[in-house]
Amino acid sequence: MASNRLAVKLPGLDLKNPIMPASGTCWYGQEFAQRFDLNVLGGLVIKSTTVAPREGNAKPRTAETTGGWLNANGLQNVGVDQTVSDKLPWLATNFPQLPVVGSAAGFSIDEYVAVVQKLNQADNVTAIELNVSCPNVAHGGLAMGTDPDTVAELTNQCVAVSQVPLYVKLTPNITDITTIALAAQRGGAAGLTMINTLTGLSIDLATQKPVLANGTGGLSGPAIKPMALAMIHKVRQICDLPIIGVGGISSAEDVLEMMMAGANAVEIGAANFHDPLSCPKIIAQLPTVMDFYGIDDLAQLQEVQF
């Protein structure tokens, strides 16, 4: 069997395997590096970065739900200056061969552009996600991520200042996700990441109030996988941009389902909260599961039609 059967090549991303931790689930890699060698990953997506540091929403910010995980972190991060001066150099020094995906967020198009420009200063950032779909900030991400014209303009302006390919992360909190996918394509995106979390609510019966201080939060985990698969498949029918699939992946079988639906690579999110070793475990299991289903290499999954 070919030694590179897991390899995936996308704009800006030459991945030894299709597995990356999703933005916000491994921060900047330092904590995960204490548990396993980050070099086993296909790549790493860092925490979404804003112009200024953010402390995030009031606590509690996270809660387990049936089949999922709610979070309302509020884009907590150290800001783009420290990300570029400290966090990314640490990754470059300790894991120089690891593909790193930056993640840009903001509250105006100008802020996205500023973050993208600064992330481009890091030599080890080979691609950037535009997080236009964060559902737990009262203004900014959600509003921009649900309007096609805004997504097209935001993408276009960020592409104009970036030396690395840009992937637009799509929100599922919209009637027709294909309109946003096509808008990102018009704006010059190199690819798409989908889906982000769905807006959800959990209520504490004892207090008769929401469990999260923010009220609603973003739902991730196994509960959203069927929706992620359906949306990826729908977008794949009308758009030929590379797709990084995310949403409810917790096994090697889930990875193959995502790729059969139309994804070219995947990100693993909530599973990392339950088990920080989820990514290396799934990577190790992938060849065995592929053998079981008679899959020689991942490329043939792109030929699946239904």
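Residue positions begin at 1 at the first shown residue.
Cβ atoms here come from the backbone N, Cα and C positions, even for glycine.
If you look up TrEMBL, you'll see 6-290 marked as domain 'Dihydroorotate dehydrogenase catalytic'. TrEMBL lists Ser23, Lys47, Ser48, Asn131, Lys169, Ile195, Gly221, Gly247, Gly248 with the feature FMN binding site. The substrate binding site annotation in TrEMBL covers Lys47, Asn71, Ala72, Asn73, Gly74, Leu75, Asn131, Asn196, Thr197. For Cys134, the entry in TrEMBL reads active site, nucleophile.
Mapped onto this structure are the features recorded in TrEMBL.
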residue: Ser23; record: FMN binding site; Cβ neighbours (10 Å): 27
residue: Lys47; record: substrate binding site; Cβ neighbours (10 Å): 23
residue: Ser48; record: FMN binding site; Cβ neighbours (10 Å): 24
residue: Ala72; record: substrate binding site; Cβ neighbours (10 Å): 28
residue: Gly74; record: substrate binding site; Cβ neighbours (10 Å): 19
residue: Asn131; record: substrate binding site; Cβ neighbours (10 Å): 30
residue: Lys169; record: FMN binding site; Cβ neighbours (10 Å): 28
residue: Thr197; record: substrate binding site; Cβ neighbours (10 Å): 29
residue: Gly221; record: FMN binding site; Cβ neighbours (10 Å): 23
residue: Gly248; record: FMN binding site; Cβ neighbours (10 Å): 26
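Within the model, the domain 'Dihydroorotate dehydrogenase catalytic' (6-290) shows a mean pLDDT value of 95, rounded to a whole number. For Gly248 (FMN binding site), the spatially nearest entry among the binding-site residues Lys47, Ala72, Gly74, Asn131, Thr197 is Thr197, judged by CA separation. The Cα of Ser48 (FMN binding site) lies closest to that of Asn131, out of the binding-site residues Ala72, Gly74, Asn131, Thr197.
Separating the Cα atoms of Lys47 (substrate binding site) and Ser23 (FMN binding site) is a whole-number distance of 5 Å. With Gly74 (substrate binding site) as the anchor, the candidate binding-site residues are Ser23, Lys169, Gly221, and the one with the nearest CA is Ser23. When the Cα of Gly221 (FMN binding site) is compared against those of the binding-site residues Ala72, Asn131, Thr197, the shortest separation belongs to Thr197.
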